[in-house]
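Peer 1: Sharing a structure here in structure tokens format.
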Amino acid sequence: MAREQLEVLNALDVAKTQWYHFTAIVIAGMGFFTDAYDLFCISLVTKLIGRIYYQQLGAAEPGSLPSNVSAAVNGVAFCGTLTGQLFFGWLGDKLGRKRVYGMVLMVMVICSVASGLSFGRDAKAVVSTLCFFRFWLGFGIGGDYPLSATIMSEYANKKTRGAFIAAVFAMQGFGILAGGMVAIIVSAAFKHSFPAPSYEADAAASIFPQADYVWRIILMFGALPALLTYYWRAKMPETARYTALVAKNAKQAAADMSKVLQVEVEAEQEKIEQQGGNDFGLFSKDFLSRHGWHLLGTTSTWFLLDIAFYSQNLFQKDIFSAIGWIPKAKTMSALEEVFKIARAQTLIALCSTVPGYWFTVALIDRIGRFTIQIMGFFFMTVFMFALAIPYQHWTLRENRVGFVVMYSLTFFFSNFGPNATTFVVPAEIFPARLRSTCHGISAAAGKAGAIVGAFGFQYAEKGIGVRNSLIILGVVNFLGLLFTFLVPESKGRSLEELSGEAEQENAAPSESRQQESESGTRTAPV
């Protein structure tokens, strides 16, 4: 038996797209812009750090980070992100979305700046400091995932909710693009001011003391966009769904949303108190029966997606080098190498990553989350195998452009696919009281996959080769396709209907499933 929905929540569900929607997208999206910039800019400068701090006199090749150090530098932020997603996801449900939102942003600002600083001058001190602050940078970034997704889902109307949440996540594409562009500009400026020969022409002169500023500037730039949005995050009101359904304060929820929607909304405190709620906890039998399969679906698909996605992003420079798209390191100076790696990443982001995100934004509320996710995993699997099986063919000089095109298409379909939908769906299908927590758990599973990708691919590439690594990633994508069948379609339905909060307190889980069946909505067995 369905409950009568609160007026304030109904007003949000049926609200026309307004200025406050776009304001919320920008405020939440700038956090994701910063997240992506900070997570991916490290891959642009690791080879430069290797040249500066691990150079050996008389060596035939430029200095490079040892495998264990490279894996640590690339992966430590993901360890912090995983921890932050769990912690801030839980805290967002306990203290409220808004109170935790500003806290997360300040952690990101401080640690972005600190990542570009170091204690001492030797390699061990610099790398240790870098890893320490990138862990805590990741911790702050982790909090941004559940909070941004939850805030946007709770502000949005049900007709265009998917597009709004996906638009927040799409800012990640611009963050990756900005990382490449900043690296291009900074390296080009230093190259112009301090011309240097290639390593094979003059090893000592190919790297100069001022190059140490380059990687520091690139890393520290990530603090700027986060700092610029702090004021606007502080001014955002708490979401009405948290205030009404979790804090049980109908008067405050109505007052906040009356300002946001610019309409009069009635406070219905008695209705909130009479309704009670689905007060089961995360580890209860009720949660397991209602949402257990859903949580397994969101965690498993995000885990599998991120193994492939972050492996590709972090190590695309190595793949481009392997096929000869980036020249051998010894034929370039240190900053020329940074410039060419950044240019390659920027081209991939511009031509495939960014368009993929916005295809999702445009179509997610038309064709649905499930269709996009299945399609994305399917084409990622196809293109991975198409790259891996005839790998020797793609390494030939005349076929390298074709390799890059195919490789770009895997990025396009990850973003017009599961990379966006795995972020959207967990913000929609769980109860308000546990929404941020469950999104944090799902996102943390994703970062566990990113850690597998960052550490595992580093060793797999050297141990079994790029071809076999690509085959493994193809299998991972296929498994993601299979686990997608556990995730319900959430298009066009209110958050309370999806989570079961629209049911009477005594409604059994089986009754909820019967209602879903009668409405013709596809869902996983629970």
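Even glycines carry a Cβ here, placed using N, Cα and C.
What TrEMBL shows for this protein is this:
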type     : residues : note
COMPBIAS : 507-526  : compositional bias 'Polar residues'
DOMAIN   : 24-492   : domain 'Major facilitator superfamily (MFS) profile'
REGION   : 496-526  : region 'Disordered'
TRANSMEM : 20-45    : transmembrane segment
TRANSMEM : 100-119  : transmembrane segment
TRANSMEM : 163-190  : transmembrane segment
TRANSMEM : 213-232  : transmembrane segment
TRANSMEM : 347-364  : transmembrane segment
TRANSMEM : 370-389  : transmembrane segment
TRANSMEM : 401-417  : transmembrane segment
TRANSMEM : 469-487  : transmembrane segment
Peer 1: Please report, as numbers and ranges, the same-chain residues at least 6 past the borders of the transmembrane segment (401-417) whose CB is under 8 Å from any CB of it.
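Peer 2: Distant contacts of the transmembrane segment (401-417): 173, 305, 308-309, 312, 316, 319-320, 323, 325, 348, 351-357, 359-360, 363, 372-373, 375-377, 379-380, 383-384, 386-387, 394-395.
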Peer 1: Mind pulling out the one from 20-45, 100-119, 213-232, 347-364, 370-389 with the most Cβ pairs under 8 angstroms to the transmembrane segment (469-487)?
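Peer 2: Against the transmembrane segment (469-487), the leading stretch is 370-389.
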Peer 1: With Cβ-Cβ distances below 8 Å as the criterion, list the same-chain residues six or more beyond the ends of the transmembrane segment (100-119) that contact it, or say none.
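Peer 2: Distal contacts: 31, 34-35, 38, 84, 88, 91-92, 125-126, 128-130, 133-134, 136-137, 139-141, 143-144, 147, 151, 215-217, 219-223, 226-227, 229-230, 233-234, 236.
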